[in-house]
2 protein chains.
Amino acid sequence: MSYGKKKMHLNLFLRNTGHHEASWRHPGSDPNGVTDIDYYIKLAKIAEAGKLDSLFLADSYGLPPTMQFLVQQALEPFTLLSALAIATSRIGLIGTASTTYYEPFHVARKFNSLDHISRGRAGFNIVTSTGNATAFNFGAAPLPEHTDRYERAGEFMEVAKGLWDSWEEDAIVADKEQGLYVDPEKLHEINHVGRHFHVKGPLNLPRSPQGHPVLVQAGASDTGREFASRMAEAVFTAQNTLEDGRSFYADVKGRMAKYGRSPAQIKILPGFCPVIGDTSAEAKEKERELNELTQPEYGVYRLSNLLKMDLRGYPLDGPLPFAELAENHEINSQKARHQLYLELAQRENLTIRQLILRTATSRGHYSMSGTPIEIADEMERWIVQGAADGFNLMPPYFPSGLEEFVDKVIPELQNRGLFRTDYEGTTLREHYGLERPERSSSRQSVISAQ
Amino acid sequence: MSYGKKKMHLNLFLRNTGHHEASWRHPGSDPNGVTDIDYYIKLAKIAEAGKLDSLFLADSYGLPPTMQFLVQQALEPFTLLSALAIATSRIGLIGTASTTYYEPFHVARKFNSLDHISRGRAGFNIVTSTGNATAFNFGAAPLPEHTDRYERAGEFMEVAKGLWDSWEEDAIVADKEQGLYVDPEKLHEINHVGRHFHVKGPLNLPRSPQGHPVLVQAGASDTGREFASRMAEAVFTAQNTLEDGRSFYADVKGRMAKYGRSPAQIKILPGFCPVIGDTSAEAKEKERELNELTQPEYGVYRLSNLLKMDLRGYPLDGPLPFAELAENHEINSQKARHQLYLELAQRENLTIRQLILRTATSRGHYSMSGTPIEIADEMERWIVQGAADGFNLMPPYFPSGLEEFVDKVIPELQNRGLFRTDYEGTTLREHYGLERPERSSSRQSVISAQ
């Protein structure tokens, strides 16, 4: 055992039958269970038994036209996480909400409420949405441009933070004798007037156990990285090589100083998808079996969508049309993922089919197959070499891909002093080693007297 | 014991420390517990032990400027009810959402998700919001006019119902062998284009256990009653006399035929606030003690707000200024409540102070003090004489006002054959004796092929 090592943080990225696109066809998966709360409670309890920092839920507000190929419906994050708050006691609960398709009052209140209900375990994964499947459920207009979405996100978060700070910590007096419930001097309007929002405040809930939810973000573009370094407390990112991971890590942490923040105030957590076997060969075989369950028709759709180019006319066993793809310079939130795919295909000289299979496991996130020792080795390398503060764990299939990780990899990480053997705190901030934010009182006025 | 009697339905209206405005000052109340989930779990379990049909949560999105006088913050309904879904197993879960300040996609999905999570116990209390404390948290515009709000509510519900019906019941095939997850012919766009909303669909969740949540409504105006008779499956209403209750009951049920609905398809549930004593004198004394804890300054504010006239200049122990009030003909959602207060003051010749006290218990809902027998007698009268299908129970203070009802009044109702002795079904629809709605496929097209 070695003590004093930097410990890693681990989220469980919950996603229906698993992160491999064919996971629902895996013999152990339950594709009918994905709207069954007991299924998620079971997974959450396994993750909590493994002492993971948090559960992590992505989300979107539309269905792609490929429902025949895989599970894509999802229970709504606030309702799901609040249910899981009751079924667990320590693990964090990170939910996703879009700043493009929500009002800040609703989102601020829901996370505040979840933070009260879970006694300080809420996290807010801030997204700006992608794709018109979502946009057209909220109006006739297509998805706004990337920069417009981020501009709105910035204003949204200003409002949300104002609302979270609209009650002073000791605003509730509850003096039964005197009949004074709240000290009205300690409740504040925010009177926000901006380009996108006009919000008076205060919030109709007092400040929550964590002050506000842990702010999580996953932007990969330059704008996204800037937003993260200014605002985020945890960053979920797709990095395919240790080198890319180190470069991203240094870049984001390097941007923080100009906002008066220290590098420790952001935890960088690349996605990580382990296919675990007792031998390397067994792990490889598991991966091969999963890939055999993929459907090329869906793979071509997914790749076309990501690369913004219809690839249906190209031979599956030929190379990507790099020349045509190079003409596509559209800026959008998936730009970095787009580049990551192209770099991967070029670096390893992959055919279209091979690229599809390489990215079927976790949609471009880092995946590896190996023994528990090999997987722990790789995770340690990323931590020690400054590419990660931890990982967003993306098991290829549930529940066994998670059970194997908790049963076999977690003890190995614990033996190396790289992961906690028990929770030391009760809030997500405490698990991450993040401070509870001080209340900011800028731009606030006392609530109007009657 | 008498069998074959019409059984009543009972919701527990959950509200921080209770429904009496001074409940937080009651010696048994815990005004610091109102953001503590264990407090609500305790109340929910008492209600479930009493075999009540449902929990009921009102909601608004703003704080009035009277927080010094009483508890008005509230945990957010979706997060609170989803947490309570895990802590209970049979009782219904009715939450409030405003069609004026929400997007239908979000609301439809959250109730669908809550219905999945609770295995069919969700109810949607449809409101159009009141007051600018809410409006100014969602923009610079004041609350829209009553008729505009109802017009939007109608379109909102059309969208929500379309989304709830966008998956055929057997859309999920989950054929692992063939690799067919969903039959794409059984997933439908709604392509709604209206004055307020433009929503493509489908929902990103399959049809829920109840088909859709039980639709609850509380409109009292003519527009509101029309909306209810067209749409609602339960109506929460404020009725102060048996005669008024009978008239409302007959009116709403009488409007249903033109929408092709039968009277049994709506359950009418007046608010009911019992102050329970082992003797009539003890009950009266309890009521008096509670009223002594009220604060006239708040009472005048509340009354001024409801009657849309500043009453601060009038002597508390004099009559209402009926002449000036009669000039106030503003149409709004509280019109009926307004009339109810004026009628009460005139009928009983009350001073301002007396009216404040008479309405402090449950904000104008029917309240009575009495022994368990007297209370059961009165409830029975309302049921037998066609003024109610049940009640929205509004205990004056928690937890003891609820405990007394469950321990003393429920057994009396059960002995009379007026209330269930155990749950017979598992869904809220089953508790209410409502049919699961058939899926409607009007105006839907097959989801666009890629």
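The backbone N, Cα and C atoms fix where each Cβ goes, and this holds for glycine too.
The annotation FMN binding site is assigned in TrEMBL to A:D59, A:T96, A:H146, A:Y150, A:S221. The domain 'Luciferase-like' annotation in TrEMBL covers A:24-383.
TrEMBL feature annotations superimposed on the structure.
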| residue | record | Cβ neighbours (10 Å) |
| --- | --- | --- |
| A:D59 | FMN binding site | 20 |
| A:T96 | FMN binding site | 21 |
| A:H146 | FMN binding site | 20 |
| A:Y150 | FMN binding site | 21 |
| A:S221 | FMN binding site | 17 |
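In the three-state DSSP reading, A:T96 (FMN binding site) counts as strand. Largest Cα-Cα distance over the residues recorded as binding FMN, namely A:D59, A:T96, A:H146, A:Y150, A:S221, equals 20 Å. Under the DSSP three-state reduction, A:D59 (FMN binding site) is assigned to coil, being neither helix nor strand.
According to its DSSP assignment, A:S221 (FMN binding site) is coil.
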